[in-house]
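As recorded in Swiss-Prot, the features of this protein are as follows:
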{"type": "DOMAIN", "residues": "190-236", "note": "domain 'F-box'"}
{"type": "REPEAT", "residues": "317-341", "note": "repeat 'LRR 3'"}
{"type": "REPEAT", "residues": "348-373", "note": "repeat 'LRR 4'"}
{"type": "REPEAT", "residues": "397-423", "note": "repeat 'LRR 5'"}
{"type": "REPEAT", "residues": "441-465", "note": "repeat 'LRR 6'"}
{"type": "REPEAT", "residues": "466-477", "note": "repeat 'LRR 7'"}
{"type": "REPEAT", "residues": "519-542", "note": "repeat 'LRR 9'"}
{"type": "REPEAT", "residues": "589-612", "note": "repeat 'LRR 11'"}
{"type": "REPEAT", "residues": "614-633", "note": "repeat 'LRR 12'"}
{"type": "REPEAT", "residues": "734-756", "note": "repeat 'LRR 15'"}
{"type": "REPEAT", "residues": "758-782", "note": "repeat 'LRR 16'"}
{"type": "REPEAT", "residues": "894-914", "note": "repeat 'LRR 20'"}
{"type": "REPEAT", "residues": "949-973", "note": "repeat 'LRR 22'"}
């Protein structure tokens, strides 16, 4: 809330409205903004100046805050207009026509209770000012007949004040009107008549702030009266608002029962404050500041009997060099902050809270026997004796803040402790002269001693004499070396940037928060607590000893504690002092070499960056997560038992011995464990095992694993040269095996695979250079692996005949990869169709012979022949029956010259870097992406190729030397479906 409308609610204005027929002259908001001074002042229009037209504001009803109010409003809404009328709607012109048909007598009938007309769109209420500017004279007609009760041509000062207030508010906050200032509307409106009772309207208005109340006052007379109710105007906030004395007096006379006034930052703040204190007899809270406050103001406060709270800030009191007297019998809270004054004398028998923070008085005389809170922080001119005198004069004092008062001494604190037996909170931060010697504060609960140079280990003896202490802050106490406290009620302690601090010993059953950081000399920590749940001690580089007896501790973070030894593992085992531990972080603890945990509650363990760890043994039946990134020297690992569901040991290249007992594990990755020779894997639910590059893994280990993990579905044995026929024969114990990767192995015979893996769907044999040409004959001659869908023979040495037979017979394959096959020659299905028919006839007598290609559709979807140097021609006619082929990749086939494809479902074709390509014929109506990077095709060839691709969206022609970038428009003309054409700068050769 910023500024308030008050005089616009007078009866005289209502009479003026009736006399003028409720007419509103159309004004421009821009005119009002031109008359403003831009500094947050109220805008005052001259007598001959036209007042700005204020847009009609939307009424927002908060249904969630007042269901009863919304239900009542909904009843009026539905009873006024049938539902079908709301659904069908009316045009803006219809609304204007209806408005023009209304007579002036109807508009003024029962002016006090006249209806507020709300124009509603589909989802929100709108004003009728939304009629388009194209309507011409109809706009003024609507304004004349459906006026919301704003005064007409002869505007009163109070109406203009209300408008000026809203304009100032919007300008100050940098917001624009929500209204439609140009009198136009981009949607059709509906006119809805709503009769709201005074009680219901009062309830709705209770949810509005003062700015919205001012806007609502301009709707109609009933709303004006309702929004002026004094219940809504008990708090008058003019903070940083330039309000004149006349306006403020009018406000005070209009609302004499206001209880709270804020004129902080207003001009003539002293006069405004005097007026508020002398006029508003029910004033309880007064806030002033930013200016000169005279002594007479403080004298006038005594006459304001209901006053309870006064705040004065950023002000000069009196002439700055005189004594200010303040006397009040009922004042309970006083704040005089950042003020310039020589001396203060305060007599307030009921005062409970006093703040003089950052004021520069040299003396403060207090007569406040019931004062409980005294804040004199940063009062640098207050001497030690003045502070002592002020504090001991308040025997009921419970909270004292003397931070940044450099003159405070131990003697002053001792006398305060004797005089104020109920002192609970003491903030003596940045007081270099105190050491708390002989200071007894038995009732103290909060003690803050930030940056106190006199606090040493000897001070802990006197702190220990405060048995009720709950919060202790010792940050930046540079002379503090040891802290040893036995305080049963201590709940929180903070030790930050204590450079010489070496030893911490805390015995407190209620301790729940410990903050220790940037203490480079800290070596030993001993903690006993039943309430501590989380302990974070990051970057304590010299910490060597940790003793914990914390039965509720659940999370521990010891990251970058480089000096911690293996003995720390005993603390977090079942026989240690943390039986409820769930999460342990030991990242970058580089002194750990052998980690052994036996903990029945531990669920998460992180050893990231522990490069010296060579042995890991976990007996944690509930552990579900472990992170070993950076443990690249780990040699032996035992997980017996654990609740892990997945484990990645591929980042442990030196792992040689592995023992896992994990009843819930489903995924295990050993990729890169090149020296792993002994592995016992007891994971009955394991479905995925990746043992890539485990060069020492042998047949006996594989056989034992398949026997103990019968549910394996995916097995990766890439680069496992020690695996032979015996190990592959053991795969018959895996009935669910569907994915097998034997790439980069020395296999010569695939017979064990064909016999043991009947359900296999994916077989990868990349770079198996020892396979003979007859190794795959069972696939296309005997019908082996009938469920096989994906086959990868990349970088193999199979001859052209074996490849041709495989392509001709294995029509059930969906994915085939022949990347880098040097024996791969032309893919010409056009010239071999008759040959293939004869070929199938040879094996027709066999029961396992597959259906001939002439009668069976090929299921191939993805064919990859990347980098096959001997392919020169690719021909796939309709007779080849590649009805499912969607992706064909022939990139890097440098000798490929001719491509002729007729594939009805081909979506992606990659011919990038086929630098010899000359002929491209495409009959692919569904082709969406064509890649021709670095090809020597000319523009005519590309145009001819894409002319039959009606669905082509992406065409890549980058680095094509015979194609100019300026010719891209031709391709779009030939193929209108193109959305993306990639080309390089013009490289067209002459």
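Cβ atoms here come from the backbone N, Cα and C positions, even for glycine.
Here the repeat 'LRR 3' (317-341) has Cβ contacts under 8 Å with residues 293-295, 298-299, 301-302, 304-311, 347-361 of the same chain, all six or more residues outside its ends. Shown for the repeat 'LRR 9' (519-542): DSSP residue counts in helix, strand and coil, namely 0 helix, 9 strand, 15 coil. Panel annotation: around the repeat 'LRR 4' (348-373), residues 326-342, 379-383, 386, 389-390, 393-399, 401 of the same chain, lying at least six beyond its termini, place a Cβ under 8 Å from a Cβ of the stretch. The list of residues near the repeat 'LRR 11' (589-612) in space but at least 6 beyond its ends in sequence, with Cβ under 8 angstroms from a Cβ of it, reads 558-566, 568-569, 572-575, 579-583, 618-633, 643. Remote same-chain residues near the repeat 'LRR 9' (519-542) are listed as 491, 495-513, 548-563 (criterion: CB distance under 8 Å, separation of at least six residues from the stretch ends).
Counting only same-chain residues 6+ beyond the ends of the repeat 'LRR 16' (758-782), those with a CB under 8 A from a CB of the stretch are 718, 735-751, 788-799, 801-802, 805-806, 808-810, 817, 843, 846, 848-850.
Taken residue by residue, the repeat 'LRR 5' (397-423) breaks down under DSSP into 10 helix, 3 strand, 14 coil. With DSSP classes pooled into helix, strand and coil, the tally for the repeat 'LRR 7' (466-477) is 0 helix, 3 strand, 9 coil. When DSSP labels each residue, the repeat 'LRR 3' (317-341) comes out as 0 helix, 12 strand, 13 coil, counted as helix, strand and coil in that order. The DSSP breakdown of the repeat 'LRR 20' (894-914) into helical (H, G, I), extended (E, B) and coil residues amounts to 0 helix, 7 strand, 14 coil.
Break the repeat 'LRR 15' (734-756) down by DSSP state and the numbers are 6 helix, 3 strand, 14 coil.
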